[in-house]
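Data first, discussion second: the structure below is written as C-alpha cells.
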C-alpha cells in the first residue's frame, strides 16, 4: 500500500501541473516587456503551470559599433537563445518575429505568432524639431536608422535628408537623439515604442507609400524545439490566425527572394473581405531603383483552434497545428507568387547589386 502511495506522490510531482516552463529572452527592456506579455497570456491559459524567465545577451546586443547589415552573420539576435533551447536550458524563446530568419536551424520551429501590433515605422524627432515631419525637416538634416530597408525607401522619398546608421537598443538610440546634436530624427518601429509606453515620442507614423515595413514587423514569434510536442501544444494558444497568415505570406515572399538583413526588402499586408493583399518591394541601397507589386488571394481566416493538420510540417519556419492547413498554404503560395513576379521584373539584379555594395563598404 505504502509503495503505491509513493508512486502516486511521484506521479503528482512529475505531472504537468508541477512543471516549471523556462522562457528565454534577450536582456533589453523591450525584450523583457514583450516576454512578460507572452508569459502573462500563458499564465492565464495555464494557471497550474509556473513560468521562469531567463534573460541573456546576444551577438546583436554586444556589437554596437557596426551596422547590422555589415556584421555579416545571420541570427544576430537569436543564436545564443537557440543555443540555450538546444541544450534544454529553456523550453521556449520569445523573439520579435522580424529577427527570426525565414529558414531556422534544424530542430527549431516557430510554435506561435502572437497578435500583431502596429507594424509601421515611426519617426521620433529631436526636441528642437518636435512638430515637424520628415518632409518639413531642414535641408541636409541627419536621420538615424539601423535599417537598409528604411534608408533606401526614405532616401527616395525625401532626397533633402541624409540617413546615417544608429545602433543600440531603444533606450540607447533615444538617448543619442536627445543628448547629442548629430541626429534631427530617428526611425523606429511603432510597436516597440508603444510597448515601452513611449507613445508621446511618436512624431509621425510612416504610411506604406512612404515606407513599407519589415517582414514580420510588429509581431512576436515564440520559438521552440520542433519535436517538443508538449510545448508546441502549450504555445499553440498564442497563435493569432490573421497575423499568422499575413506573416506566412510575408516570410514566403522574403524567403523566395532570398532577402535578408543586408538587402532592402519591404512588405505591406492587409486582410479585407476574405482577401489577403500582399505588397512587396525591393530597392537599391540608395533607393534610386525599385520594383513594387501587389497581389491578392482569397483566404478564409479560420477561428482559433479549428482542428489543424496533425502532421505539422513547417511552413517558412512556422508550425501551427491548430490552424487549418489550406489557408496557410494559400498564404505561402501568395508570397511565392509575388516573389516570382518581382524576380521576373529584375528584382534579383537589384538585390545582387545591393548585396555587393553593402559587402564592399
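Cβ atoms here come from the backbone N, Cα and C positions, even for glycine.
Taken from Swiss-Prot, the feature N-acetylserine applies to 2.
Swiss-Prot lists 15 (among others) with the feature phosphoserine, giving a large-scale study or a structure entry as the kind of evidence.
The phosphoserine annotation in Swiss-Prot covers 69 (among others).
Residues or ranges marked as N6-acetyllysine by Swiss-Prot on the basis of similarity to another entry: 74.
Look at Swiss-Prot and you will find 147 (among others) tagged as phosphoserine. A sphere of 10 angstroms centred on the C-beta of residue 147 (phosphoserine) encloses 26 other C-beta atoms.
Swiss-Prot lists 261 with the feature S-(dipyrrolylmethanemethyl)cysteine.
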Three-class DSSP secondary structure - residue 147 (phosphoserine): coil
